[in-house]
2 protein chains.
Amino acid sequence: MRKPIIAILGATGAVGIQMLEVMEERNFEIEDLKLLAHISDAGKEYVFKGKKYIVEEAVESSFENVDITMVAVEGDISKKFMPHIIASGSVAIDNSSAFRLNDDVPLVIPEINPDDIELHKGIIANPNCSTIIGLVAVNEIYKHAGIKRMVVSTYQAVSGAGVLGIDELKRQTEDVLSDRETTSRVFQHEIAFNIIPHIDSFEENGYTKEEMKMYNEGRKILHDNNIEISCTCARVPVFRSHSESITLETEKPISVEEVRGLLSKAQGVRLVDDPKNNLYPMPIDTAGQDLIYVGRIRKDFSKNNSINLWCCGDQVRKGAATNAVQIAELLVKTL
Amino acid sequence: MRKPIIAILGATGAVGIQMLEVMEERNFEIEDLKLLAHISDAGKEYVFKGKKYIVEEAVESSFENVDITMVAVEGDISKKFMPHIIASGSVAIDNSSAFRLNDDVPLVIPEINPDDIELHKGIIANPNCSTIIGLVAVNEIYKHAGIKRMVVSTYQAVSGAGVLGIDELKRQTEDVLSDRETTSRVFQHEIAFNIIPHIDSFEENGYTKEEMKMYNEGRKILHDNNIEISCTCARVPVFRSHSESITLETEKPISVEEVRGLLSKAQGVRLVDDPKNNLYPMPIDTAGQDLIYVGRIRKDFSKNNSINLWCCGDQVRKGAATNAVQIAELLVKTL
């Protein structure tokens, strides 16, 4: 194990900036760091562990001598640079959806399938934010009782759409409170004081791509093509942290007390389930940290072996940046 | 059929004010009108069809000669006045939850079970807002294919908590945007830019009363003790109109096209289901009118005979005031 040379592609975006912060928090040891972005952001400066780094324009040759490239750009940009990342021998940890379902690309949540990392052929994919949050919440239940079917409704924060999403919610909210006209650029409709049941584009089957990710990525991460997942994704006027209402049908009976017991010890989870004291997961409590909070655990009396729960997690951190850094930490051990 | 003398108990609250507006819009014909409220609101003036009415303190004798009393107060106040309403021979249309599940109290959504009105013994109950919105959305599917089970997650606006709920969201939002400390009086936690998975109080089974209403009231309205309903209710930072993500398991197979066909002609429903043009139900589009918008209709491939849909409706209007006025219109025909 040696200290790696790390590149962050998309270093000036919401996830890229968060990756750098998380690496510093977790005392991630590096030999050197390259911050890469579009030419319009070249020259910006960031400090990592007390040392200043200047953002460079990402070009084909940027990845020479880089051990691990953290890819924090959209799918099309990821696809454009990936051949050059791989050709230079750097391993990519890709936060985009471009390669997630490729057979030779491991899709990894370190709490669930860390060993899949070893199967990489140059790319390891970071799952979709809602998938990470939902699966970390139910993983121990899955391991102990099996899951036949999950029905999920999401309440997704605007920071899933990056810095521009945050700006749009803030600006529109101010406009509405001041009786000004609003305009929408990032979201399809006004998000201030509204709910938009539409994230990513629609597929032929009537689902959005975001909704299909939970299904396709969930099956791949769990190595289980029998688990059924139906998902409805909605954007809500929350700055940060996604929430999910999940109804689970388990293979074997499991009691609410058993679920609480499992989740109180689960990796990456904080059990917050004390309704008598008004304690349950909420976005404002989960923003800015890495645990997935799970609560509102109760028997779903509408079906045998069914459990309802509610979870929240910071989608920029555990739903994106932190999960990628955790993968990098595991990868470093193999260098 | 003669013109009735109407009283509104709770005339100065969000639902009471809305009842008066809806009665005027629908050209509800009256002989006379009494606006009743707590003594602190006595003396306030409202105009109905061009005539001024002054709010009086609600007292035991307020209901003499009143044909129909629209009850727009909380359950404890409703319980306090109900004996006097009934003793004076007035029929109560009660928006509170106090009597909804009583055997001799019809619980009515005029689009679904109008005939139940005839069974009243002095009280007709208006269902919970989320129950009205969800059931109007699925009623035609229920009638044509049967429903075995509904899994519902709600996104409920703050106006469900009345004028004070609206004020709290507005004030807290301004505080957050100005980096001021916030305080919560109406809701259990800060609602600005947050989601609170807690509406009404918790029961022993881990559900909130609000969540159990969908189950208990749904079964009563549909006269069906076999339908299974599991509900998770969350408060969202939206001023007006509730949204619901619903997964339905039907008794008989029904295609998405059949569902669309049924809903395009359904009473009280507007089909808004054109994802290619970014059209689906949203709170900002449904506020201030009476139809329940339904869209995002798609096959739930996680289960046979299962359908996902998304609906929104104005919970102060159709979810409360309008539904009560519709009941009053039917009741007037029996006078």
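A Cβ is built for glycine as well, from the same backbone N, Cα and C atoms used for every other residue.
Note that TrEMBL annotation is computational and uncurated.
Residues annotated as domain 'Semialdehyde dehydrogenase NAD-binding' in TrEMBL: B:5-120.
With a 10 A radius on its CB, B:VAL15 (NADP(+) binding site) counts 27 other CB atoms from all the protein chains. Taken from TrEMBL, the feature NADP(+) binding site covers B:THR12, B:GLY13, B:ALA14, B:VAL15, B:SER159, B:GLY160, B:GLN315.
Close to B:ARG100 (phosphate binding site) in the fold, though at least 6 residues off in sequence, lie B:ASP94, B:LEU107, B:ALA125, B:PRO127, B:ASN128, B:LYS213, B:ASN216, B:GLU217, B:LYS220, each with a CB less than 8 Å from its CB. Annotation note: B:ARG100 (phosphate binding site) sits in a coil segment as assigned by DSSP. Annotated phosphate binding site per TrEMBL: B:ARG100, in sequence order.
Taken from TrEMBL, the feature active site, acyl-thioester intermediate applies to B:CYS129. When secondary structure is read from DSSP and collapsed to three states, B:CYS129 (active site, acyl-thioester intermediate) falls in the helix class.
In the three-state DSSP assignment, the secondary structure recorded for B:GLN156 (substrate binding site) is strand. What TrEMBL records for B:GLN156, B:ARG235 is substrate binding site.
Other C-beta atoms found within 10 angstroms of the C-beta of B:HIS242 (active site, proton acceptor) number 31, with every protein chain shown included. TrEMBL lists B:HIS242 with the feature active site, proton acceptor.
In the domain 'Semialdehyde dehydrogenase NAD-binding' (B:5-120), the DSSP tally of helix, strand and coil residues is 38 helix, 30 strand, 48 coil. Of all the binding-site residues given, namely B:THR12, B:GLN156, B:SER159, B:GLN315, the one with the smallest number of surrounding CB atoms inside 10 A is B:THR12.
In three-state terms derived from DSSP, B:ARG235 (substrate binding site) belongs to an extended strand segment. Annotation for B:GLY160 (NADP(+) binding site): spatial neighbours B:CYS129, B:ILE199, B:ARG235, B:HIS242, B:GLN315, B:GLY319, criterion Cβ-Cβ under 8 Å with sequence separation of six or more. The recorded positions considered are B:ALA14, B:CYS129; of these, B:ALA14 has the fewest other C-beta atoms within 10 angstroms of its C-beta. B:ARG235 (substrate binding site) counts 27 other C-beta atoms within 10 Å of its own C-beta, drawing on all protein chains shown. In terms of C-alpha distance, the listed binding-site residues B:THR12, B:GLY13, B:ALA14 place B:ALA14 closest to B:GLN156 (substrate binding site). In this structure, B:GLN315 (NADP(+) binding site) belongs to neither helix nor strand by DSSP; it is coil. In the predicted model, the domain 'Semialdehyde dehydrogenase NAD-binding' (B:5-120) shows an average pLDDT of 97.
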